[in-house]
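Here is the structure we will look at.
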Amino acid sequence: MAATAKTDPESIKSEEAPAAPPCRSNYSSVDVALRGLFFAASVTAVVLMVTAKQTEIVPVPGLPIRVPLEAKFSDSPAFVYFISALSVAGLYGILTTLASISIISKPAHATRYLLHFALWDVLMLGIVASATGAAGGVAYIGLKGNSHVGWGKVCNVYDKFCQHVGGSVAVALFASVLLLLLTMLSVFSIYRKIPK
(Lines of atoms letter the chains of each structure in order from A; the text may use other names.)
(Lines give C-alpha, C1' and ligand atoms only; values in the text may rest on other atoms or scores of the structure.)
Protein backbone atom coordinates (compact mmCIF):
# COMPACT_ATOMS: atom_id res chain seq x y z
CA MET A 1 0.00 0.00 0.00
CA ALA A 2 2.91 2.35 0.74
CA ALA A 3 4.24 1.72 -2.77
CA THR A 4 0.93 2.64 -4.34
CA ALA A 5 0.74 5.76 -2.14
CA LYS A 6 4.16 6.84 -3.48
CA THR A 7 3.20 6.25 -7.08
CA ASP A 8 -0.08 8.12 -6.78
CA PRO A 9 1.56 11.53 -6.15
CA GLU A 10 3.95 10.84 -9.05
CA SER A 11 1.04 10.08 -11.33
CA ILE A 12 -0.67 13.24 -10.11
CA LYS A 13 2.51 15.26 -10.88
CA SER A 14 2.70 13.73 -14.34
CA GLU A 15 -0.96 14.61 -14.90
CA GLU A 16 -0.40 18.21 -13.74
CA ALA A 17 2.45 18.85 -16.19
CA PRO A 18 0.30 18.56 -19.34
CA ALA A 19 -2.43 20.63 -17.67
CA ALA A 20 -0.44 23.91 -18.08
CA PRO A 21 -0.46 24.09 -21.93
CA PRO A 22 -4.25 23.64 -22.21
CA CYS A 23 -4.59 26.65 -19.88
CA ARG A 24 -2.74 28.80 -22.44
CA SER A 25 -4.76 27.16 -25.18
CA ASN A 26 -7.93 28.10 -23.33
CA TYR A 27 -6.91 31.77 -23.42
CA SER A 28 -6.25 31.44 -27.14
CA SER A 29 -9.55 29.72 -27.77
CA VAL A 30 -11.36 32.39 -25.71
CA ASP A 31 -9.60 35.01 -27.86
CA VAL A 32 -10.69 33.26 -31.06
CA ALA A 33 -14.26 32.91 -29.79
CA LEU A 34 -14.48 36.58 -28.75
CA ARG A 35 -13.01 37.74 -32.06
CA GLY A 36 -15.44 35.56 -34.01
CA LEU A 37 -18.31 36.92 -31.93
CA PHE A 38 -17.05 40.47 -32.52
CA PHE A 39 -17.01 39.84 -36.28
CA ALA A 40 -20.57 38.49 -36.15
CA ALA A 41 -21.76 41.45 -34.06
CA SER A 42 -20.17 43.96 -36.45
CA VAL A 43 -21.72 42.35 -39.51
CA THR A 44 -25.10 42.09 -37.79
CA ALA A 45 -25.01 45.78 -36.85
CA VAL A 46 -24.17 46.74 -40.44
CA VAL A 47 -26.92 44.54 -41.90
CA LEU A 48 -29.50 45.92 -39.47
CA MET A 49 -28.56 49.51 -40.29
CA VAL A 50 -28.43 48.98 -44.06
CA THR A 51 -31.88 47.40 -44.03
CA ALA A 52 -33.31 50.33 -42.04
CA LYS A 53 -35.68 51.73 -44.63
CA GLN A 54 -39.38 52.61 -44.46
CA THR A 55 -41.79 54.67 -46.58
CA GLU A 56 -44.83 56.30 -44.98
CA ILE A 57 -47.53 58.72 -46.15
CA VAL A 58 -47.00 61.92 -44.16
CA PRO A 59 -48.81 65.29 -44.20
CA VAL A 60 -47.09 68.29 -45.76
CA PRO A 61 -46.89 71.15 -43.23
CA GLY A 62 -49.19 74.02 -44.26
CA LEU A 63 -50.90 72.07 -47.05
CA PRO A 64 -53.89 69.71 -46.91
CA ILE A 65 -52.07 66.94 -48.80
CA ARG A 66 -50.16 63.84 -47.81
CA VAL A 67 -47.12 62.52 -49.69
CA PRO A 68 -45.01 59.37 -49.42
CA LEU A 69 -41.73 60.05 -47.64
CA GLU A 70 -38.94 57.53 -47.20
CA ALA A 71 -36.63 57.24 -44.21
CA LYS A 72 -33.33 55.45 -44.83
CA PHE A 73 -29.95 55.22 -43.16
CA SER A 74 -28.20 57.26 -45.87
CA ASP A 75 -30.22 60.34 -44.86
CA SER A 76 -28.00 60.81 -41.79
CA PRO A 77 -24.21 61.34 -41.94
CA ALA A 78 -23.96 59.74 -38.48
CA PHE A 79 -25.52 56.54 -39.81
CA VAL A 80 -23.21 56.56 -42.85
CA TYR A 81 -20.22 56.94 -40.49
CA PHE A 82 -21.65 54.11 -38.39
CA ILE A 83 -21.86 51.82 -41.44
CA SER A 84 -18.30 52.70 -42.49
CA ALA A 85 -16.83 52.20 -39.02
CA LEU A 86 -18.61 48.90 -38.38
CA SER A 87 -17.67 47.61 -41.84
CA VAL A 88 -14.00 48.29 -41.07
CA ALA A 89 -14.52 46.67 -37.66
CA GLY A 90 -16.01 43.58 -39.30
CA LEU A 91 -13.02 43.28 -41.63
CA TYR A 92 -10.70 43.74 -38.66
CA GLY A 93 -12.66 41.09 -36.76
CA ILE A 94 -12.28 38.42 -39.43
CA LEU A 95 -8.58 39.19 -40.00
CA THR A 96 -7.74 39.05 -36.31
CA THR A 97 -9.79 35.87 -35.87
CA LEU A 98 -7.67 34.20 -38.55
CA ALA A 99 -4.48 35.59 -37.00
CA SER A 100 -5.55 34.33 -33.58
CA ILE A 101 -6.15 30.86 -35.03
CA SER A 102 -2.64 30.94 -36.52
CA ILE A 103 -1.24 31.80 -33.07
CA ILE A 104 -2.78 28.63 -31.68
CA SER A 105 -1.07 26.54 -34.36
CA LYS A 106 2.27 28.47 -34.17
CA PRO A 107 2.66 29.96 -30.67
CA ALA A 108 6.30 31.10 -31.22
CA HIS A 109 5.31 34.67 -32.17
CA ALA A 110 2.39 34.93 -29.77
CA THR A 111 3.80 37.80 -27.68
CA ARG A 112 4.35 40.04 -30.70
CA TYR A 113 0.85 39.28 -32.00
CA LEU A 114 -0.66 39.95 -28.59
CA LEU A 115 0.99 43.38 -28.44
CA HIS A 116 -0.34 44.22 -31.90
CA PHE A 117 -3.77 42.93 -30.94
CA ALA A 118 -3.85 45.07 -27.80
CA LEU A 119 -2.88 48.24 -29.70
CA TRP A 120 -5.23 47.67 -32.62
CA ASP A 121 -8.08 46.57 -30.35
CA VAL A 122 -7.84 49.88 -28.46
CA LEU A 123 -7.87 51.83 -31.75
CA MET A 124 -10.81 49.84 -33.06
CA LEU A 125 -12.64 50.26 -29.76
CA GLY A 126 -12.35 54.04 -30.12
CA ILE A 127 -13.70 53.93 -33.68
CA VAL A 128 -16.60 51.58 -32.90
CA ALA A 129 -17.52 53.42 -29.70
CA SER A 130 -17.52 56.82 -31.42
CA ALA A 131 -19.64 55.52 -34.31
CA THR A 132 -22.05 53.88 -31.86
CA GLY A 133 -22.32 57.09 -29.87
CA ALA A 134 -22.96 59.18 -32.99
CA ALA A 135 -25.63 56.80 -34.29
CA GLY A 136 -27.13 56.45 -30.82
CA GLY A 137 -27.43 60.23 -30.48
CA VAL A 138 -29.29 60.55 -33.78
CA ALA A 139 -31.46 57.55 -32.89
CA TYR A 140 -32.35 59.11 -29.54
CA ILE A 141 -33.42 62.35 -31.21
CA GLY A 142 -35.52 60.32 -33.64
CA LEU A 143 -37.14 58.57 -30.70
CA LYS A 144 -37.67 61.52 -28.33
CA GLY A 145 -37.16 64.63 -30.47
CA ASN A 146 -35.73 67.85 -29.06
CA SER A 147 -38.23 70.57 -28.25
CA HIS A 148 -35.50 73.14 -27.53
CA VAL A 149 -34.33 73.25 -31.14
CA GLY A 150 -37.63 72.24 -32.73
CA TRP A 151 -36.66 68.73 -33.87
CA GLY A 152 -39.69 66.48 -33.83
CA LYS A 153 -39.59 62.79 -33.10
CA VAL A 154 -40.00 60.48 -36.07
CA CYS A 155 -40.18 57.04 -34.48
CA ASN A 156 -43.92 57.40 -33.93
CA VAL A 157 -44.26 57.44 -37.76
CA TYR A 158 -41.27 55.33 -38.88
CA ASP A 159 -41.50 52.56 -36.32
CA LYS A 160 -39.82 49.75 -38.32
CA PHE A 161 -37.01 52.07 -39.37
CA CYS A 162 -36.37 53.02 -35.75
CA GLN A 163 -36.48 49.39 -34.61
CA HIS A 164 -33.74 48.52 -37.10
CA VAL A 165 -31.64 51.52 -36.04
CA GLY A 166 -32.12 50.76 -32.34
CA GLY A 167 -31.23 47.09 -32.83
CA SER A 168 -28.16 48.03 -34.83
CA VAL A 169 -26.93 50.47 -32.16
CA ALA A 170 -27.54 47.86 -29.43
CA VAL A 171 -25.53 45.22 -31.29
CA ALA A 172 -22.75 47.74 -31.93
CA LEU A 173 -22.66 48.52 -28.22
CA PHE A 174 -22.24 44.79 -27.58
CA ALA A 175 -19.38 44.78 -30.13
CA SER A 176 -17.73 47.62 -28.17
CA VAL A 177 -17.93 45.57 -24.98
CA LEU A 178 -16.38 42.60 -26.81
CA LEU A 179 -13.50 44.82 -27.96
CA LEU A 180 -12.97 45.96 -24.39
CA LEU A 181 -12.82 42.33 -23.24
CA LEU A 182 -10.41 41.47 -26.07
CA THR A 183 -8.12 44.34 -25.07
CA MET A 184 -8.13 43.21 -21.46
CA LEU A 185 -7.46 39.61 -22.51
CA SER A 186 -4.51 40.62 -24.72
CA VAL A 187 -2.97 42.78 -22.00
CA PHE A 188 -3.46 40.04 -19.41
CA SER A 189 -1.89 37.45 -21.74
CA ILE A 190 1.13 39.73 -22.29
CA TYR A 191 1.39 40.23 -18.53
CA ARG A 192 1.45 36.46 -17.98
CA LYS A 193 4.39 36.13 -20.38
CA ILE A 194 6.56 38.60 -18.46
CA PRO A 195 9.28 36.62 -16.66
CA LYS A 196 9.01 36.90 -12.89
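Any Cβ shown, glycine's included, is placed from N, Cα and C.
Positions annotated as compositional bias 'Basic and acidic residues' by TrEMBL: 7-16.
The feature domain 'Casparian strip membrane protein' is assigned by TrEMBL to 28-178.
Residues or ranges marked as region 'Disordered' by TrEMBL: 1-24.
TrEMBL lists 32-52 (among others) with the feature transmembrane segment. Under 8 Å from some Cβ of the transmembrane segment (32-52) lie the Cβ atoms of residues 71-73, 79, 82-83, 86-87, 89-90, 93-94, 96-97, 100-101, 104, 128, 135, 161, 164-165, 167-169, 171-172, 174-175, 178-179, 181-182, 185, all in the same chain and six or more residues away from its ends.
Feature annotation from TrEMBL assigns transmembrane segment to 78-101 (among others).
The transmembrane segment annotation in TrEMBL covers 113-141 (among others). Listed by sequence, the residues of this chain that lie at least six past the ends of the transmembrane segment (113-141) yet keep a Cβ under 8 A from its Cβ atoms are 31, 42, 49, 76, 78-79, 81-82, 84-86, 88-89, 92, 96, 99-100, 103, 151, 153, 162, 165-166, 168-169, 172-173, 175-176, 179-180, 182-183, 186-187, 189-190, 193.
For 169-191 (among others), the entry in TrEMBL reads transmembrane segment.
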Long-range environment of the transmembrane segment (78-101) - Cβ separation under 8 angstroms, sequence gap at least 6: 28, 31-32, 35-36, 38-40, 42-43, 45-46, 49-50, 52, 113, 117, 120, 124, 127-128, 130-132, 134-135, 137-138, 165, 168-169, 172, 175
